[in-house]
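A short worksheet on the structure shown next.
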Amino acid sequence: MPLFKRRDVNTPAPTSSIREKYDFRDVLGTGAFSKVFLAESKTDVGQLYAVKCIDKKALKGKEESLENEIKVLRKLRHNNIVQLFETYDEKQFVYLVMELVTGGELFDRIVAKGSYTEQDASNLIRQVLEAVSFMHDNGVVHRDLKPENLLYYNQDEDSKIMISDFGLSKTEDSGVMATACGTPGYVAPEVLQQKPYGKAVDVWSIGVIAYILLCGYPPFYDESDANLFAQIIKGEYEFDAPYWDQISDSAKDFISHLMCCDPEMRFTCQSALEHPWISGNTAYTHDIHRTVAVHLKKSLAKRNWKKAFNAAAAIRQLQLLRLSPIATAFRNKRPNSNQRLQLPNVLVFQYFCKIP
């Protein structure tokens, strides 16, 4: 049965092979089960795209998740959301033709800047809020908003911010959301408490991002996930001196309304956009780059170390899986239709989330 059974009426199924329409160039990234290529249109010379190539063998049993991501991306046409242009379902691979974004990750750009102000942070968060408000108006919850998924469109100094990676996104019409997902440190209390949740989880994540943008370090941190989650559930964070002494009370008030433990009392995207720190002129304009950049560099170094550690752990788990008696039994006899070899969760997570 074809992978893409239903298509957006505005997005007809391509009738040709992807390589008839695009020239594949450099590999931009490699994940556990996919690669992203730089591709140029053959009909519009010079027009470049990012093409995600997904191995169908690795996709088996997870088609519904990919279809959900594609369904979401087709719904969302916004200046601050990475666009999906076409999909190709071919014999061995599924291809997603995406908008090419070349400006780099949010934190990397801030560290590289010569100056950076609270007003700059306000402008960044405004763009994120506008895009997420658009998602919410269209019944979509992102569920994994974090700095790694906020990219600059290009290298221009005034480049816009783009939201990417909709692998964990969900539409409200697909049923009650109660699955624990997201990224530790950015996930909302109600998700950790395994309560039904909705759009408010995205607002919490934006609050965490805003906090980091103003000081360079996260509001919640512990080496132990259990302790980290306990902090988040209780909403235990501080505006520490001396780092927050140079930040406006308006910014602190704004963050407090986004990181409110009660989702019913938490700001919506629209109410956040109306707050003076976003819509007015209460954001300070003095340079905070030095303080923020110092902490961001430490956070980036730690994140990159964890990324390398998790990749190594995934490889070790896969090697153990291949050597295990269960895996050997599966290789030595054909499983019946009710048997399925389960890959380690970390591998599945790496595939459905952003390519490391």
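Counting begins at 1 with the first residue displayed.
Glycine is no exception: its Cβ is also placed from the backbone N, Cα and C atoms.
As stated in Swiss-Prot, the feature motif 'Nuclear localization signal' covers range 2-7 out of the listed 2-7, 8-13, 20-25, 266-271.
Residues 278-318 are the range that Swiss-Prot records as region 'Autoinhibitory domain', among 32-72, 114-154, 278-318. Residue annotation for ATP gives L28, G29, T30, G31, A32, F33, S34, K35, V36, K52. The furthest Cα pair among them is separated by 14 Å. For the pair formed by A32 (ATP binding site) and D144 (active site, proton acceptor), distance between Cα atoms is given as 19 Å, rounded to the nearest Å. Separation of the C-alpha atoms of S34 (ATP binding site) and D144 (active site, proton acceptor): 20 Å, rounded to the nearest whole number. The separation of D144 (active site, proton acceptor) from T30 (ATP binding site), Cα to Cα, is 20 Å.
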